Amino acid sequence: MMEIAIITCDMQEVIGTAIAFYMLSDGKIPLYAGCLITMLDTFVFLFLDKFGVRKLELFFVSLIAIMAITFGYEFVVVQPDFIGILKGIFIPTCGACNSAVVLQIVSIIGSIIQPYSLYLHSALVKRRKIDGTKKSSLIEANFYFFIEAGIVLLCSFLINAIVASVFALGLYNKTNYQIRQSCDKRPGIIERDIFPYNNESIDGNIYSSGVFLGCEYGIPTFYIWGIGVMAAGQSATVAGTYAGQFIMEGLLKIKWPSWKRVLVSRSVALLPTLAIIFFTTKGFGILTDLNNLLNCIQMIQLPFALIPLLTFSSYDKLMGDFKNSKLSVAFTMIVSIAIITISIYFSIEYVVTSIGTQWYMWLVLMISATFYLAFSFYLFIISLNTINLLPHRLSKLVEKLYNHEYGVEMEWQKFIDETPSISSETIYSVPEK
């Protein structure tokens, strides 16, 4: 399931980066060529890992800085109501919400809480050199990892908030005709026909949003938006590659080098994307529809990341003193159930809207939904039983059907009163003169 989530995310990164190449080259690099370039540049970026983790982290920081500068520039130029944004963050309201608006809200949340990110952050901790035999060292490490992850998520949230507020101000209640008038007054805008002369609401996507910025606020905003999209696509590409590698090694017990992992994953992502670009005439519209479908698939995959993560981090026999507190478990459980429920609801709504009213399509949907919900419920019950939240009688029944002890011995389970364990290396080491 997580491999499917990573491949769908990889397809989104391919689409976004290809559009960025198209924008920055004024259409001289077609979308299919941009897709092929994304495969090659990923290998170049992964080569940084040969120089150490710090070099790779510096590369990530550089990409995030580029996104912050470019999207921040758009924010300064457009000048949304900053006080209104703060009110929306701390006191969220949605007076005129419909299903489409709520779906956009869920998509914004999903852009931060991606399934593979939960595995990526957990796996990156293993790359740090920590003395796992001392409880104090682990407590200190957890503290700094918490700060590090919090800063990353805060930056991601702020960047998403900036982008959402810029286009909420610029595109809300605007028609194609209104934006087209601005484009006609601005020389040098390519493909202004993306906004036809009609009074329909704007169907915003990565490319049309950039054209809108160029029409309303000048040509530089168009290219700056393209640079930001390029940085976002590249950072997500490398992150997805490492997440896929950790999942293959940890869950599937398959150890592949990074280049082979990129080759397989990116090839699977490229083939359907290239096929859609070559054999359709809808242009960016079909890519928007594909992106919505990929968002739907990622939302469906969310339970298979959240529930195991909550289970393992709250299991006392595995985590010992480092397991989640009861308050943390309760809060995380409530938030997880809310996110999963909303994601499933809007995923089903999207599928229902897309498939129409044919009885055989509904039959396939009902069968698939039944298996999906049953498996999700199974995971949820096993999780509750593992972390001792089920009533005693129900717990006994579950243990008869499924009784598994996670017999993984971790380093932090070996420490005793802050005394490091004695290894063979310590015993047989030659003392220095």
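From the backbone N, Cα and C atoms, a Cβ is placed for every residue, glycine too.
Just so you know, TrEMBL annotations are computer predictions that nobody has curated.
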Which stretch does TrEMBL mark as transmembrane segment, out of 222-243, 398-419?
-> 222-243
Same-chain residues near the transmembrane segment (29-48), Cβ under 8 Å, at least 6 residues beyond its ends = 13-15, 17-22, 55-56, 59, 233-234, 237-238, 241, 258-259, 262-263, 266-267, 270, 273-274, 277-278, 287
Any chance you could find the range in 141-172, 222-243, 360-387 with the most Cβ pairs under 8 Å to the transmembrane segment (60-79)?
-> 222-243
